[in-house]
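Colleague: Please see the structure below; I have some questions.
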Amino acid sequence: MQFAHNSSIQKPTPPDKGSFPLDHDSECSKPMLAYVNCLSENNGLSRFCMEFSKEYLKCRMDNNLMAKEDMDNFGFEEVKKAKIVPAPHYNPNEPIVAGLSRRKRD
């Protein structure tokens, strides 16, 4: 049986920062659970859980579960400075019509 050769399939590339080993010994389970709980309490909005995220990343670096990196390189300050805009009102009983927000600006 012959298979067609698909030239659009690309070879997988490794992550930019190298491997991200699993925490088999649960060395960072407490900060990880604190971060996951924070996400759960904040509807998955990570900007409210940055301190927990920092602690988790620091734990991983301290336990050689990831390469040491300056915390400034993770973009936490950019997130703090970002303007937060409310999500548009959504009523599940109303139909969605494309282009309404553009029409209001014109």
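Here the Cβ of each residue, glycine as well, is placed from N, Cα and C on the backbone.
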Colleague: Of the cysteines Cys49, Cys59, which is paired with Cys38 in the disulfide recorded by Swiss-Prot?
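Modeller: Answer per Swiss-Prot: Cys49.
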Colleague: What is the total of other Cβ atoms whose distance to the Cβ of Cys59 (disulfide bond) is within 10 Å?
Modeller: 18
Colleague: Tell me, by DSSP, whether Cys28 (disulfide bond) is helix, strand or coil?
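Modeller: Note: Cys28 (disulfide bond) is coil by DSSP, not helix or strand.
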